[in-house]
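Note sheet for the following structure.
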Amino acid sequence: MTKRIEFQLAATDGAARTGTIRTTRGDIRTPAFMPVGTAATVKAMMPESVAATGADILLGNTYHLMLRPTAERIARLGGLHDFMNWQGPILTDSGGFQVMSLADLRKLTEEGVAFRSHIDGSKHMLTPERSMEIQKLLGSDIVMCFDECPALPATDKAVAESMELSMRWARRSKEAFGDRPGHALFGIMQGGVTQELRGISAEKLKEIGFDGYAIGGLAVGEGQEAMFGVLDYAPAMLPEDKPRYLMGVGKPDDIVGAVARGVDMMDCVLPSRSGRTGQAWTRQGQVNIKNARHADDPRPLDEHCTCPACRNYSRAYLHHVFRAQEMISGMLLTWHNLHYYQEIMSGMRQAIAAQRFDAWQQGFHSTRAMGDIEPL
Ligand SMILES: [Zn+2]
């Protein structure tokens, strides 16, 4: 394993890009959507089913895994890939975002974040160095810098101080990561919705030098308009020859808008979480399978979709198993949602390569605007 992770840009159309991230565990076609495997599983899915939807890479959560079953135990059992039976690339987050949103009794200092586990109240400390150690124990292919993300809205002063702290942590992360051939370290840009701060953050990250760059601190409640406002300038502040990753995004139209603005990678729990609450994302918008209108409907969720939920089951069945709280409900809807997300990604990759991304976007938006099929 001496090979470096490489990014090859194949084509651009406007600001949108398509290419390939080559890793020792396989290629990641970009733009890429990464399903979230929080606790070493994409909930309700077998790994081979996740692969069948077209996913090239999964995301794992450092915060959850360090608490249970612990990174040390996963390392003893051969690393996260073997543990969860996913041999493709894995990206792990740094734990920074989740420790601030999930942990109890947090205390933020220059050193890092001390906190108590939300599971059993046990005491822990996450620092840039500890985050790098955990992600190494997990065997992650793409490691994220430890950063701090302020909840918006926040004052400019608070956003600036938080960004500066994250940049100091980025340098410590790089030093702790060291030289690990075959593994990549991504820096994370912060700076809220302020262009000047985003620019400062980008310059500091480039000075340190990373294998890829994430745009952090978005999708935290600022709304799509404000997010797109940042994405109108932020991706261009980052190196053109490295992958750009927008963290925690999003709904299908967020993803399309982000790719149109130059983003290469995204992740979100939305398709899998929605699948467990009876929500389906389709080409014609959202469908709530709980709704009584589906009870006698023999038609598939989406007649053009080739996923197992749409090929083999009716809306009436999906409605019934949701109401009856059968496990297959979450399995089928999650499969459909992940399949649909990957279909959007492959559609965008092909359209960008063929220089017809504008036309593809028009089709995407007009089909969504039609809304769900009429009730029978
Ligand atoms: Zn489907």
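Residue 1 is the first one shown; counting continues down the chain.
Using the three backbone atoms N, Cα and C, a Cβ is placed for every residue, glycine included.
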Quick check: of H183, H336, H365, which does TrEMBL put in the same Zn(2+) site as C305, C307, C310?
H336
Binding-site annotation, TrEMBL, substrate: partner of D93, S94, G95, G96, F97, D147, Q190 in G121, G212, G217, G221:
G217
From Q190, C307, C310, H336, which binding-site residues have a C-beta atom under 6 Å away from some atom of ligand 1?
C307, C310, H336
Do me a favour and check the Cα-Cα span between G95 (substrate binding site) and C305 (Zn(2+) binding site); whole Å is fine.
35
How big is the gap, in Å, between the Cα of S94 (substrate binding site) and that of C310 (Zn(2+) binding site), rounded to a whole number?
36
Given a separation of at least six residues and a C-beta threshold under 8 Å, show me what packs close to D267 (active site, nucleophile) in the same chain.
F33, M34, P35, V36, L59, L91, M247, G248, V249
Taking DSSP as the reference, which of helix, strand or coil describes D267 (active site, nucleophile)?
strand
